[in-house]
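Worksheet: one structure, shown below.
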């Protein structure tokens, strides 16, 4: 007997096309990437540059009292060489030193000149008053061909004191000046180092020369050093200029017996200004608050990569050429329509990391499908909430950096006056520290922005979930399948947070009962397939055994057991 058994399997697929509402955000692939505390190169929807790299190649002086010193060096405004005659007294908001400006005419130098230069740069100008010194028995009109006006002359604010006649003895003298003003006085004097001992004797008589200067806070003695030196401006002698700040009601006393360049007037600094060294053109038609040797930086950004020596109200210098500040959420392209496998938190992680192309009205938005079709709309409330928190982020960053950098600048100002060129190393160290700090601050703000965007999306998602309750089911992709008919007005009520779940509750329950028994989530499909396969095998085995049993019973089959 030949028996053939045919087994057919019937698979029924029940498809539901439920109304659905989804949550997402606007994306626009633009390649804008920022760094956060935990990740580098995170693509975001929007970002703002925080490092300025361009400037105006002019000194913008509109609205400022500008003093362009031209051939005059800034220190020369105190002593008065011929090239500085028009700048002996002035008022300024902006002082411009040129590279070919000169502080002296008779060769020499200012001791601690850079510290004095810093003081003058920050002053708003200079006025002067006579010190009232009178002399007898000596000449006070020493001149030199190195300081020429109509002929040989000397520093306008100094007196070159000489013996009454050549080679005559120079008498011992003492002169004092008391500062009777409320503000400190700047006092400058000089020590003349002759080109030879013979020249010194001719000018001041024979014997050793000594100059002593003292006040309540200052005391110093100076011995001139005659000797042969290379000629500068036709002179082999040198004048060293020294200075001190004389407090109000304090007195300075000079004691000398030759080789002394005496001050004629005391200088008083007034107000505040900015001083820069630059050779670029001055433009009175543009405005600026930040200057450097190459021009004017006009920027509202917190950092700049143009010049570390910029002065004024400036962005702080950093080494980085770019530090992007995120002003929008993380930019993740729209996921394919084919659903991806997700973990336990897929419903949350899914929509946060999924953006929709093409929406320009807002960041956070809804998509829906129903019998009337599909639609997309922005959620302005969530969008505005995020914008309100992100707006002003750049200004807050400026406040943070300005406050910190200003403290550092103030801390090192006094050091600069005391140790001069060591400040160059200090500034380099400050740049290193604050370049790192700037990168860290921007990364922290970027992390906060991205976390904020996720937080606002979570709030929006929870708002929708609490409205729908049992009338809908999350599908793990940031969408809700709604168990009742939801027209455009219904969808609008969900978006506007005016949805009444009780109105649709009965319909939703009925539809849920019909859908749930046949709705298989992806996690159970494999289990049911294996169960079906096992049951089919068992059924085939049972049928085969039944046929064998019937055949044996009716004699159609004999079973012989051999031992």
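Quick reminder: no glycine exception, Cβ is built from N, Cα and C everywhere.
If you look up Swiss-Prot, you'll see 60-286, 72-84, 105-147, 290-314, 486-490 marked as disulfide bond. The N-linked glycosylation site annotation in Swiss-Prot covers 30, 46, 141, 249, 424, 496. Taken from Swiss-Prot, the feature S-palmitoyl cysteine covers 559, 562, and the record attributes it to sequence analysis. The signal peptide annotation in Swiss-Prot covers 1-18 and is backed by sequence analysis. Residues annotated as topological domain 'Extracellular' in Swiss-Prot, with sequence analysis given as evidence: 19-529. Marked as topological domain 'Cytoplasmic' by Swiss-Prot: 551-563.
Features as recorded by Swiss-Prot, highlighted on the structure.
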residue: 30; record: N-linked glycosylation site; DSSP (3 states): coil
residue: 46; record: N-linked glycosylation site; DSSP (3 states): coil
residue: 60; record: disulfide bond; DSSP (3 states): strand
residue: 141; record: N-linked glycosylation site; DSSP (3 states): coil
residue: 147; record: disulfide bond; DSSP (3 states): strand
residue: 249; record: N-linked glycosylation site; DSSP (3 states): coil
residue: 286; record: disulfide bond; DSSP (3 states): coil
residue: 486; record: disulfide bond; DSSP (3 states): coil
residue: 496; record: N-linked glycosylation site; DSSP (3 states): coil
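Per-site Cβ counts within 10 Å over the disulfide-bonded residues 105, 290, 486 peak at 486. Cα separation, residue 290 (disulfide bond) to residue 147 (disulfide bond), rounded: 36 Å. Neighbour density around each Cβ, counted as other Cβ atoms within 10 Å, peaks among the disulfide-bonded residues 60, 72, 84, 147, 286 at 84. Within 10 Å of the Cβ of residue 30 (N-linked glycosylation site) there are 13 other Cβ atoms, across all protein chains. Cβ neighbour count for residue 314 (disulfide bond) (all protein chains, 10 Å cutoff from its Cβ): 22. Within the same chain, residues at least six positions away from residue 141 (N-linked glycosylation site) with a Cβ under 8 Å of its Cβ are 160. Summarising model confidence by region, the topological domain 'Cytoplasmic' (551-563) averages a pLDDT of 65. If you count neighbouring Cβ atoms within 10 Å for each of the glycosylation sites 46, 249, the highest count belongs to 46. The separation of residue 490 (disulfide bond) from residue 249 (N-linked glycosylation site), Cα to Cα, is 86 Å. Shown in sequence order, the list is empty: the chain has no residue 6+ apart in sequence with a C-beta less than 8 angstroms from the C-beta of residue 496 (N-linked glycosylation site).
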